[in-house]
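Pulled from Swiss-Prot:
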- 124, 153, 154: S-adenosyl-L-methionine binding site (BINDING)
């Protein structure tokens, strides 16, 4: 089903199901002695959502055709590298405030070693926030920093909701927008960065990722995966969730608004973390993706 300005979701449907998919990839990527990441909560969160396909995937009960199995392995590696990039961003920022936009099943507030006095804000749809908070509490997990959830759709007035939860716009902040931009219309992407800029004191930092020609390139490979998923009973076509249209390049957009920006390609990020970047047609859509970090002047 195509997106609309008023659509909503839980963690088993639409955009929310992609958060569960990413958590499943993090759970798989956390296994083994050479795992690049360690997310001890991802597996339990995915099982709590209860989407049968993702649970079977965790249990090794899904058999995919060769091309799709290879694509799944690539996506698991991509999520491992992406997760580690954002983990390292927070760990290196040293800032007292952190904001996770569209937090989904992100458990960084619980699993990262935050400095004493850190405050972490998570912003997402109310149902998503409630589910994750309740599930982690049931698991006996406690946040490793002061966690303040902001239950609001990013299409609404989230800056006001964030300030109402105690956010201090005069203090430097570390922001992440992970796996988010492709699900926003181009004009909403611009508004997101405008709002972040307005809320960011000098010294604030931002990490995100940008996929040039995202809709066309990633949509085609997503459709192939959707066909495979349907064979296993999962009705999720990610291509329907992406917004097409020409986007302002993130690097240029941020620089024009007072940020010092660095960008690294996905193959460079793989090399940085000691992982070979895969080859083949299936991964060409991923090659152009950029890991972006910025500091507010």
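Every residue gets a Cβ built from N, Cα and C, even glycine.
Cβ neighbour counts within 10 Å, taken over all protein chains shown, single out 124 as the most crowded of the binding-site residues 124, 153.
For the binding site of S-adenosyl-L-methionine, formed by 124, 153, 154 according to the record, the largest Cα to Cα distance is 7 Å, rounded to a whole number. Around residue 154 (S-adenosyl-L-methionine binding site), taking its Cβ as the centre, 19 other Cβ atoms fall within 10 Å, counting all chains.
Taking the centre of the Cβ atoms of 124, 153, 154 as the S-adenosyl-L-methionine site, the nearby residues of that chain (Cβ within 8 Å, site residues left out) are 101, 102, 123, 125, 152, 155, 156, 158.
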